[in-house]
Protein chains: 2
Amino acid sequence: MERIFVKDIKIEEQKEVLVQGWVHSIVNLGKINFIKLRDKSGIIQLVVEEDSIKGIRNEVAIEAIGAIVENPKAPSGIEIKVSELKILGEAYYDVLPFEINRGKLKSKLEVQLDHRSISLRKPDQRAIFKVQGEIEDGFRSFLKSKGFSMIHTPKIIDSATEGGSEMFTVDFYDNRAFLAQSPQFYKQMMVGAGFERVFEVGHAYRAELHNTWRHLSEYVSLDVEMGFIKDEEELMSLEEEMINYIFKGLSDTCKSELEMYNIILPEEVKIPRIPLKEAQDILLEKFNKQCPPGNLDADGEKIFSKYVKEKYGSDFVFLTEYPISKRPMYAMPHESKEGVTRSFDLIYKGLEITTGGQRIHDYEMLLGNIRKFGLEPDNFTFYTETFKYGMPPHGGFAIGLERITMKILDLDNIRQSTLLPRDIKRLVP
Amino acid sequence: MERIFVKDIKIEEQKEVLVQGWVHSIVNLGKINFIKLRDKSGIIQLVVEEDSIKGIRNEVAIEAIGAIVENPKAPSGIEIKVSELKILGEAYYDVLPFEINRGKLKSKLEVQLDHRSISLRKPDQRAIFKVQGEIEDGFRSFLKSKGFSMIHTPKIIDSATEGGSEMFTVDFYDNRAFLAQSPQFYKQMMVGAGFERVFEVGHAYRAELHNTWRHLSEYVSLDVEMGFIKDEEELMSLEEEMINYIFKGLSDTCKSELEMYNIILPEEVKIPRIPLKEAQDILLEKFNKQCPPGNLDADGEKIFSKYVKEKYGSDFVFLTEYPISKRPMYAMPHESKEGVTRSFDLIYKGLEITTGGQRIHDYEMLLGNIRKFGLEPDNFTFYTETFKYGMPPHGGFAIGLERITMKILDLDNIRQSTLLPRDIKRLVP
């Protein structure tokens, strides 16, 4: 007999089915026992006679054959009257590290993460990754429909020249190499290589020295780069359209998962675009909040996000025109506005989830900027070579997959939306 | 005016269009010039008057506005009579590192790879990655339709206990960590965590000391793991069905790319399953070819593949029942056949592209096997813990993305199907 998933079981009185899964809970009433069987797709009640439950404990993997019976008292209105019950995977534990068959997980996040393959057995924990998977799928299919090519670029790289946060070093055949902080240079090079429009879903690495609720040492970056653009406005429009596409997808595919977290996604997302300087002025004037030069701090992002939500009804806001001094050497300077670049951040519910912008495409200008930043052009020839052979105007952005997942579901900590997180304190499991 | 891609241009006499791309070649006939413009999607002929081609050289990025004109002499039967021509990205080179606008690339592969974003400008080079992208898309959508969940697991790991080839070490906050050779342990754990069926597309790392045509230090692994299986036969059937699905997809989406490489994919793939011992016997008896104990060498794979092709008409063959001594400690021993496991390799056109099999799911049996292999169970608790809480029978396999791409297109070297390869001699670009 073919296995049926719980979600596919319909009321067909007395129909025999074969189900497989884990013992979610057992209620022993003497002669009759109720076992809740949990599979990937849901939970169903099994009615089992006393003599067949030998060796059955919570979390044992089982297979049951039985007849479908309607029972208004059963949690799903259906139960299975079991005629055959078999253990497929024995249990060897004394006690579970924490309860996973009722209410919310009560143990600390660190304990949940220590026993990740146990905490994920709770349906609401796996639901996070269903949502995450659909975000990624939406990202892919949206970009594919716009003519973007999927690429995979190296994560072991030669030079630690991307700037910004610290990098991890790798012993690469006795040479010092690094783990890529982002595919930035490579995605630009692939635009120049004739792919024109590329995206990559891949790991990015940051040797973050602080253990915060929003940083990971290893995360999944959704990267986009597009050639032949007019300016950064085109990129923001692309990202806005993509977010609408993803949200629409989630509303279709993740109805029950969103409900678990009490999330109602907006029908349409319209994202205000506000120059950073203006945001800083508003923060100072309206909230007496001082910002660090050329940026918002985490607090500023939160307060400003709240302000935008109240004023524009949007959970998102693009901050534009970041100053040259706060952006990497490849950021395109604004030709008519002094000291700022054609770059942007996207803030979502108080957290930066995207950095993006137009890049410099002229070879001489790029070399000049590398020098202006006090860097040595010779260290970048692997990257700048592409620019010698006709590089079109281009730009792009990146979204942190764990960040957008966390924020969509209103989670408190980025580790909740990471299957197996890595940070300064965590390298296992 | 909106940009149109070359592939979307149809014969609509005198219609004005805006095209963007690179100068593929120039033919100067004095007053009239023919420029071939190459974009992501194709090549079209522009007819340009003399005075507007100032500064135009091969590979300059340009934009042209003009009217569509039918011309049977033009390569595609259509040309554009240009009224406006604009340079978008200047060229700064003296000579191109190699010719990319006629025939086959003539320079050595190593030189092509040194200038990767130039060699990829040749349409037949980018075509390889169009095919690769569609293979990956097929893998994803096939598995999603079968109820598999996409996962991302860590590539920075704590222990070098996966066995097999050498691993790269990472300095992880002053601790010695490693780059994962495969997501093997994690994908099994995620099956046990209740996802049941998972797949991952991600980088895997091997510190290969030899520079061969078929090994990379960093490659993309298409990983599959499935719970509640009967045995390894189910896995082989799944992979066979998947390959048929992928091939069907490629025949639809990559018609012109397959034509470039003179590839006709079979309409249906039926894959013989032959025990390793039998293959070794055939090699010895029919081809006087000695095999290393418990395996085929690269030569043996080639000869046996040819034999299978002649006898069964199949480019693929599953080799089954690999000996315990040649498989990792988690491979499921065959309960009725002495000394062999429920594992398999898939050989395609003479090259191994998959290793897979059923895994041990019983906790005690797994610990026993770890000890039998002379390993210390305490080093594996992050992995074995899952098995204490009811692990169902399960198994899986992995496909090397660059390998299957190479073999589908009959390429000679795996670096041809890798955008930016990494090996013992190459860390740039």
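Backbone N, Cα and C atoms are what each Cβ position is placed from, and that goes for glycine too.
Any TrEMBL annotation is an automated prediction that lacks curation.
Fair warning: this is a prediction, and the values are worked out from it, not measured in the lab.
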Quiz prompt | TrEMBL annotation of region 'Aspartate' - which of the ranges B:8-11, B:88-91, B:184-187, B:220-223 it falls on | solution = B:184-187
Practice problem: Check TrEMBL: it lists B:R206, B:A207, B:E208, B:R214, B:H215, B:L216, B:G400, B:L401, B:E402, B:R403 as binding ATP. Then name which of B:E257, B:E259, B:E352 it lists for that same site. | Solution: B:E352
Quiz item: Given B:R403 (ATP binding site) and B:R206 (L-aspartate binding site), what distance in Å do their CA atoms have, once rounded to a whole number?
Solution: 15
Self-check item: Cα-Cα distance, maximum over B:R206, B:A207, B:E208, B:R214, B:H215, B:L216, B:E352, B:G400, B:L401, B:E402, B:R403, record's ATP binders, Å
Solution: 18
Practice problem: Tell me the Cβ neighbour count for B:R403 (ATP binding site), meaning other Cβ atoms within 10 Å of its Cβ, over all protein chains shown. | Solution: 21
Exercise. State the mean pLDDT for the domain 'Aminoacyl-transfer RNA synthetases class-II family profile' (B:129-429).
Key: 96
Quiz item: Counting Cβ atoms within 10 Å across all protein chains shown, which of the binding-site residues B:R206, B:H215, B:R359 comes out on top?
Solution: B:R359
Quiz prompt | Mapped DSSP class for B:T355 (L-aspartate binding site), helix or strand or coil | solution = strand
Quiz item: From the Cα of B:R206 (L-aspartate binding site) across to the Cα of B:E352 (ATP binding site), what is the distance in angstrom?
Solution: 16
Exercise. Tally every other Cβ atom lying within 10 Å of the Cβ atom of B:L401 (ATP binding site).
Key: 23
